[in-house]
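Down below is the structure, laid out as structure tokens.
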Amino acid sequence: MRFISSQLISSKGYPVAEHVVQTKDGFILALQRIPYGRKAAGDYTGKKTAVFLQHGLLSAASDFVFNFPEQSLGFLLADSGYDVWLGNTRGNTYSRRHTKLKPDTDAFWDFSFDEMGAYDLPAMIDYVLNVTHQDQLAYIGHSQGTTAAFALLSESPEYNKKLKVFIALAPVASGTYITNVLRYLAPISKDLELLAKYLGIRDFLPNNKFMKFLSEYLCKDFEKVICENAMFLFFGRDYKEMNVSRIGVYGAHSPAGSSVRSIVHFGQMIETDFAKFDFGKKENIARYGQAIPPKYNISAITTPVALISGLNDNLADPVDVAIVAKQLNSLVSNYIIPLRDFNHIDFVTAIHGKELIFDEVQRLLLKYAR
């Protein structure tokens, strides 16, 4: 199957290659590669810095390429001479396969960002390093893509040596001040997954025919206000940077789905902070050897970390980002986008994304990854 994100890439005149990697626990993940830009020679052999882009919550690799080339991070980096790789974590549109489990079983969906950090990122990072014959790559994550990376680097010292720099867009490693709809799930987070399983709900907001129908209907002309407000409910309100003409495109690719447990885990962060999934006292003792889930220690990270955040982000709240910055011993930059209304989704959809975010990303890459 040719991935839709690959079609987005090739339609803009960029080369694209599709790759598949298997995790140690059997999930089969999709990656897309943009080896060079539109104006570069078709050469895979050059020693270009590999840059790995990891999408956020309920998203997919398409996040980095569904705007115009001058507004999309994946295209901008390829045109700047980087070897760009786009990851897809388990359960999204492109990574819904397993060696033994089927998506219509409960066991397939028993995961959150814990497993993404423990299995998905190591498998994809090692694959990219192996294919490119490099010892290190630059990692750029957005939203959940930062959360999984913080988890990995906290738990696995060897992966700190494999990343030249970790650029965290809308970083989520503290959830105390989350103000979006997840805050309302926090008080019932322990019961929500059980209820979902009882009702036969395993995945959350998958990119299926029904969701595509809703996006096509709700994102047309006069109904666009419904689509806009649905996005703002999750990510914060920002009319100035929202490209209304592209809402239909965004809706066709996102949400890309994830497990109910992933959503529950983010809700738990409001009460447990940045800790492993809370299964309840009895199961926690069986899994972790303690009644309370262990917290991730991001102060142990040694990879250079650069934070880029917005002032109107209701998932990566400015106060939470400040808490993360204080905990990081390897922090090299804490850049706050100077726009009052800049929200969580603006990192991948903003009209002025190049000037507001990506020029700073390029500066960081030149300093730490060239």
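Cβ coordinates come from backbone N, Cα and C, glycine included.
Heads up, TrEMBL stuff is auto-annotated, nobody curated it.
Computed from a predicted structure; not experimentally measured.
In the three-state DSSP assignment, the secondary structure recorded for Ser143 (active site, nucleophile) is coil. Feature annotation from TrEMBL assigns active site, nucleophile to Ser143.
Under the heading active site, charge relay system, TrEMBL lists Asp313 (among others).
All protein chains shown were included, and the count of other CB atoms within 10 Å of the CB of His344 (active site, charge relay system) stands at 28. The feature active site, charge relay system is assigned by TrEMBL to His344 (among others).
Annotation comment: TrEMBL describes 6-67 as domain 'Partial AB-hydrolase lipase'.
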Protein Cβ atoms within 10 Å of Asp313 (active site, charge relay system), excluding its own: 28
